[in-house]
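Q: Structure incoming, see below.
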Amino acid sequence: MRYITSGESHGKQLTTIIEGLPSQLPITAEDINASLRRRQGGHGRGKRMQIEKDTVDIVSGVRHGYTLGSPLSLVIRNDDFKHWTDIMGEEPMEDPSKMRRVVTKPRPGHADLNGALKYGHRDMRNVLERSSARETAARVAAGAVAKKLLKELGIEVSGYVKEIAGIEASDLPELNAQERADKANQSPVMVLDATVEEQMTNAIDQAKKEGDSIGGVCEVYVEGMPAGVGSYVHYDRKLDSRLAGSVVSINAFKGVEFGIGFEAAKRNGSEVHDEIAWDETHGYYRTTNRLGGFEGGMTTGMPIIVRGVMKPIPTLMKRPLTSVDIETKEPFKATVERSDACAVPAASVVMEHVVAFELAKALTEQFSSDQLPQLKKAIDDYREEIRCF
């Protein structure tokens with residue numbers, strides 16, 4: 001199971017193609033649209049969210065509400081394209097000298113300069129249009145399908161904000177995945193701990209007022225994954241490694257940790273590892289979950305807890321950073337595209353869906369998965385097998 005996306009930020013549309021989905025998975029456009037609406041929410045979003053009202057068209061791979069087993073194609077139209085038809089059109093220009101909104105000034109912290117060097121673009125709009133976080137809408141669409149598959153398999157995934165601008169939300173370990181999702185969806189900053197909401201919104205408002213930006217930490221919590229998914233045999237089959245790669249592939253994410261994460265460096269081994277226990281009902285389990293649901297690159301059967309750190313968005317309104325024009329080689333203060341003061345709440349939704357897809361991919365690789373009933377039976381049989389091991 002895999003997916004690819006295509007499309008530019010101000011182009012006609014974003015497209016997602018998912019290959020390897022089992023047949024007979026119930027799915028509707030609304031299942032995906034609900035996730036797209038969540039991605040567009042959260043305090044601190046910019047004006048682009050007032051323009052785009054993301055909805056998906058399912059153009060192949062589904063018939064009468066069920067997947068066929070063939071590639072699933074999803075399209076999200078860019079409403080803003082009507083204002084960019086001349087700039088982003090696919091046909092050659094009769095007079096290239098009349099090209100508008102040419103970008104020759106790379107913005108620090110963005111892909112502009114590196115992408116121009118790699119692909120030879122003198123107009124860096126060719127870079128920033130694809131490297132834009134607008135593409136994450138297509139990734140959320142893919143993840144929404146994966147979440148529907150995981151739910152059919154008894155696995156729940158929830159994402160939320162853990163920290164913004166150094167303001168940290170308290171842990172609420174008593175909450176299950178659905179309760180976490182409900183709380184996050186009721187919060188303007190998608191946080192579980194309501195006592196820090198006002199502090200976080202004030203920090204976002206202050207950053208916006210000052211023309212600056214702030215980052216934070218997102219957390220994803222997964223319940224219901226059976227033990228032994230992933231592998232210790234080869235480095236590239238370790239599931240925690242694959243999850244880490246998928247998280248830092250999200251725009252502006254610069255770090256990832258599982259369980260207690262980097263805190264482990266400050267503790268003795270006796271305070272890090274999770275002791276093993278067994279009972280007749282559950283089989284093997286851990287008495288703690290400091291390692292976040294992973295040992296040896298495989299799931300332990302405990303909840304997966306993964307966090308990702310998002311840097312502040314580099315587009316600064318009133319405090320632009322210095323760069324160099326690639327045509328004149330003269331220094332300048334970075335130009336501004338529409339941007340958010342804080343996109344951490346929305347990023348928690350993106351991270352949730354990226355993690356969901358990687359987990360669904362791992363399950364369809366490990367278990368027979370041409371048909372959903374076949375996949376369900378294979379996983380149920382495996383759960384019973386390891387319970388009695």
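Yeah, the Cβs are placed from backbone N, Cα and C, and that goes for glycine too.
Residues or ranges marked as NADP(+) binding site in Swiss-Prot: R39, R45. The annotation FMN binding site is assigned in Swiss-Prot to R130, S131, S132, N251, A252, G296, K311, P312, I313, P314, T315, R338 on the grounds of sequence analysis.
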Q: Three states by DSSP: which one describes S132 (FMN binding site)?
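A: Where S132 (FMN binding site) sits, the three-state DSSP reduction gives coil.
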Q: Using DSSP and three states only, what is T315 (FMN binding site)?
A: coil
Q: Ranked by the number of other Cβ atoms within 10 Å of their own Cβ, which of the binding-site residues R39, R130, K311 ranks first?
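A: The residue with the densest Cβ neighbourhood is R39.
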Q: Using Cβ atoms only, which residues of the same chain lie under 8 Å from I313 (FMN binding site) while being at least 6 residues apart in sequence?
A: S213, G215, A252, S339, D340, A341, C342, A343
